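This report concerns only the one structure given below.
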Amino acid sequence: MTLPALSRTSDQFPGSAADAAVLVISDISDSTDSLAAHTGLAESLEGIGFTGSPSAFTRVYAPEVTTLPFAVVGVGGTPDAAAVRDAVGTALRSLTGFAAVAVALSPELDAFADAAAEGAVLGGYRFDDYRREQGKTRASAVVLHADLDDSALHRAVAVGEAVALIKDLVSTPAEWQSPAQLAQSAADSVADLDVSVTIYDEERLAAEGFGGILGVAQGSDRPPRLVRLDYAPENAMRHIALVGKGITFDTGGLSLKPAASMVGMKFDMAGAATGAAAVRAIAALGLPVRVTAWLCITDNMPSGRALRPGDVIRMLDGTTVEVPNTDAEGRLVLADGLVAASRENPDLIIDVATLTGAIVMALGHRHTGVFGDDDAVAEFLSAAEKADELAWHMPLPVYMEEMLDSPIADMQNANMGDRMGGASYAGMFLRRFIGRVSDEKDAPRIPWVHLDIAGSGEHNGAPYGFTGKGPTGAMVRSIIAFAEASHKEA
């Protein structure tokens, strides 16, 4: 991963270590306390039509502030943490060609220094692994002129590294990211932390009955993997299980995708990448929460060995599933992961997947669809709000239960006669594989949240805030915030 080194200082802005400077300001017309007003910069900015609206960015000649190349970025008239994070991210994403950048907040924004630090790391990310020649590079160092304690600085770096890990893994072409390679990358990502790693190869998967993962994998020449990452501090107050979909390339199998729909399907392992990144960040922060991630990793390829529409597979818990649609493979691998996670009886299960095109049609490309038990969903949405990530509670209608019925097996993975409500159908399928809190017949299910990031996990439009084109790292910041809230409320 390529991120800027982040430090903070109380020295006078912009200091001697930087070769460019950025000032973050609120709406000029509404602020008499802003640094822009005090230095006389406000008059110059108004002269070029710059008012400090959210994430507005411009480079200016400002000898009254500094002789360095200088830029300002706005947060609007009613700033909050999200506006400051996006503004600093915009500045670091936009200001290229400088090795070290000094960033200062106008005094009325001092309360948002932690968000500024996070935005600096997130906006400074770059992925140049496959370019022969690099263009103008982003800063390799950022000095934040703000009152920021060590813990906030450490958290900003941990969050930035988590998002960067997801972006790195998702950006890697499938030819260089087989299931075995992704499994090893996940293991390597936590090698310096107190996290235990277990990698299940195809032989162990077969011996233990992971029929969902093996069924999807049987069309590929590259064998599947299941990765278990376990961060288990002695003082853990709660046990959260994460289950991630890791389809390293999704052709649709014999239910073959159209050529245009297959472009970008290396992205279908973003859920597994999110699981690994969340464990890494939570362990790096030393949170007193146990987190166990199950990363379900395979290709979905057509071949003479591949699953055929209408085949029946037996899942880890013994459930038989008819497969009318081999392109609804994500729910098959997740189901095995959910069963495995349930067997450890965690306090809550969160699964993450680029699962359905239907969620993109429903919510677009910035909101994540959140399904599951009402109380668990409400708790997660609170964490997402704190992390300033967009998420929306989606329904799991009881009337869809009968649509899961198969004429020859316990259930089916798709209802080819009625494909409306596809995101909710997928959620209902997954819910069948959530275990009970005890062996008693009427015991309640383990609390569960399902995150469909098919839309939010990738951005192909114009850059905004700290988000550029490509993978976004959606929901890992929310999962981190959820873990932080879990130990505070326990």
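The backbone N, Cα and C atoms fix where each Cβ goes, and this holds for glycine too.
Summary of the site annotation: TrEMBL records Mn(2+) 1 binding at ASP327, GLU329. Screening the candidates ASP230, ASP250, ASP410, ASP418 against this entry identifies ASP250 as the one listed for that site.
Going through ASP221, ASP268, ASP351 against TrEMBL, the one listed in the Mn(2+) 2 site together with LYS245, ASP250, GLU329 turns out to be ASP268. Once Cβ contacts within 10 Å are tallied over all protein chains shown, the recorded positions LYS245, LYS257, ARG331 are led by LYS245. Shown are the binding-site residues ASP250, ASP268, ASP327, GLU329; the one with the most C-beta atoms within 10 angstroms of its own C-beta is GLU329.
For the recorded site, ARG331 (active site), the DSSP three-state label reads helix. Mean pLDDT for the domain 'Cytosol aminopeptidase' (325-332) in this predicted model: 99.
Recorded residues LYS245 (Mn(2+) 2 binding site) and ARG331 (active site) have their alpha carbons 8 Å apart, per Cα-Cα distance.
Spacing of ASP268 (Mn(2+) 2 binding site) relative to ASP327 (Mn(2+) 1 binding site) is 12 Å (Cα to Cα, whole number).
Taking the mean position of the Cβ atoms of ASP250, ASP327, GLU329 as the Mn(2+) 1 site, the remaining residues of that chain whose Cβ falls within 8 Å of it are VAL216, ILE247, THR251, GLY252, GLY253, SER255, LYS257, ASP268, ASN300, THR326, ALA328, GLY330.
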